[in-house]
Amino acid sequence: MSASATNGTHYEQLHQGRTKMYKSKVDVVLGAQWGDEGKGKVVDMLASDVDIVCRCQGGNNAGHTVVANGTEFDFHLLPSGVVNEKCVSVIGNGVVIHLPSLFDEVLKNEAKGLQHLENRLIISDRAHLVFDFHQHVDGMQEAEKGGKSLGTTKKGIGPAYSSKATRNGIRVGELLGDFNLFSEKFKSIVATHVRLFPSINVDVEAELARYKDYADKVRPYVKDTICFLHTALRNGKTILVEGANAAMLDIDFGTYPYVTSSNCSIGGVLTGLGLPPQTIGEVIGVVKAYTTRVGDGPFPTEQLNDIGDLLQTRGFEIGVTTKRKRRCGWLDIPLLKYTSLVNGYTCICVTKLDILDTLPEIKVAVAYKKPSGEKLDHFPGTIAELGNIEVEYAVLPGWQTSTEDVRNFKELPENAQSYVRFLESELSVPVRWVGVGKGRESIINVH
């Protein structure tokens, strides 16, 4: 008898005798739409029970709002978990960091009562830096596009990731090393950008003096976060990752080119923190009870009417980072099925259900159709195709009563429960929480 017959096939052997390297898993919170779903509130809710909260990608183009003990905190680079003084917050290697903005954010939130950050914030030495000239270039590139702009935040995120991809970016660790080498690299990257964009003006010596000071300020926070996280997992520490932006803004899977410059899906968690796939535990998709989008780009369920105005007003849909009004529309099931395929949600948190309280009926997109009437079995891969689809809606009854004070799922109006169950059924993913207000106490546990 052959060895393979005795011990199984090679594939079966591959899965035998696995050793468990890690004592804990990494749970992930991801935006399931175009951002602004309420990820920060979900992270804040879960962070009270975890040891470490991480940001893995993006920069200060993200905006998360957390209400804790009646105080509203706005975060752009800091993980929302910093509100919990018992956990460590990590800014991973996949994040791009504008140091002036980071320290401004720290000061503003310290003024609101945030304390002892120096003991519980860790920044990756491999994270890339965003410089002021990146921001200037971002604004210039948007202006050059005229009416075809992408609607970026002009925070320099795209140009910084571009520097990273072309291998002339500068990482935090280089700022803390030999400053002469940092100075040479900085002069080189400035020269490259001035050559490409002659109108930008950079006072190199003034910037170097400024960054010499920033080196001293940031030094106490910087570590090898990859080693830190793997050690934590081996020791059974609980880790939560806060995704920035959202799946439909992902550079690969979003509505390209109307996207951000990083991977905001599950893959970005792994590359942005240096984690292998087997460390991932729960993947929580955060879904707003309707759909919003900031900036330009296709939006199949957008409502340019009284419904859109009502959602914008009741939901106070204004961007935390951009201060722009968000575009509003109905919940989009085909979009959510697509992002669930990409991210593999194990459960969902529905937020802002209370914003729908006044509506007599609520529409939900259930299918996309070609102009011929044929239903699409996939999410369109180009904006041209997405802009040419027709949307098929299901019409569900509203509940026309306030849900803001409800704290038990079974006490929600029957039609509100049905709305949540409809979403759950369509996606075949359990809804674990429902949000009906701003504070952490307004999140209802469904199961």
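For all residues, glycine too, the Cβ spot is worked out from N, Cα and C.
According to Swiss-Prot, the GTP binding site annotation covers 35-41, 63-65, ARG326, 352-354, 435-437, on the basis of sequence analysis.
Positions annotated as Mg(2+) binding site by Swiss-Prot, on the basis of sequence analysis: ASP36, GLY63. For the recorded site, ASP36 (Mg(2+) binding site), the DSSP three-state label reads coil.
According to its DSSP assignment, ASN245 (IMP binding site) is coil. Listed in sequence order, the residues of the same chain lying 6 or more apart from ASN245 (IMP binding site) and placing their CB within less than 8 Å of its CB are GLY31, GLY35, GLN57, GLY58, ASN61, ALA62, THR260, SER262, CYS264. Among the features that Swiss-Prot reports, IMP binding site is placed at ASP36, GLU37, GLY38, LYS39, ASN61, ALA62, GLY63, HIS64, THR153, ARG167, ASN245, THR260, ARG324.
The annotation active site, proton acceptor is assigned in Swiss-Prot to ASP36.
Classification of HIS64 (active site, proton donor) by DSSP places it within a strand. Residues annotated as active site, proton donor in Swiss-Prot, with sequence analysis given as evidence: HIS64.
If you look up Swiss-Prot, you'll see VAL320, THR321, THR322, LYS323, ARG324, LYS325, ARG326 marked as substrate binding site. All protein chains considered, the CB of LYS323 (substrate binding site) has 9 other CB atoms within 10 Å. DSSP classifies LYS323 (substrate binding site) as coil under the three-state reduction.
For ARG326 (substrate binding site), the binding-site residues whose C-alpha atoms fall inside a 10 Å radius of its own C-alpha are ASP36, out of ASP36, GLY38, THR65. Residues ASP36, GLU37, GLY38, LYS39, ASN61, ALA62, GLY63, HIS64, THR153, ARG167, ASN245, THR260, ARG324, recorded as contacting IMP, have a largest CA-CA distance of 34 Å.
Its own atom aside, the Cβ of GLY35 (GTP binding site) has 31 Cβ atoms within 10 angstroms in the protein chains shown. Between the binding-site residues GLY63, THR65, ARG326, LEU353, VAL436, the minimum number of other C-beta atoms within 10 Å of a residue's C-beta occurs at THR65. In sequence order, the binding-site residues near THR65 (GTP binding site) (Cα within 10 Å of its Cα) are ASP36, drawn from ASP36, THR153, LYS323, LYS325.
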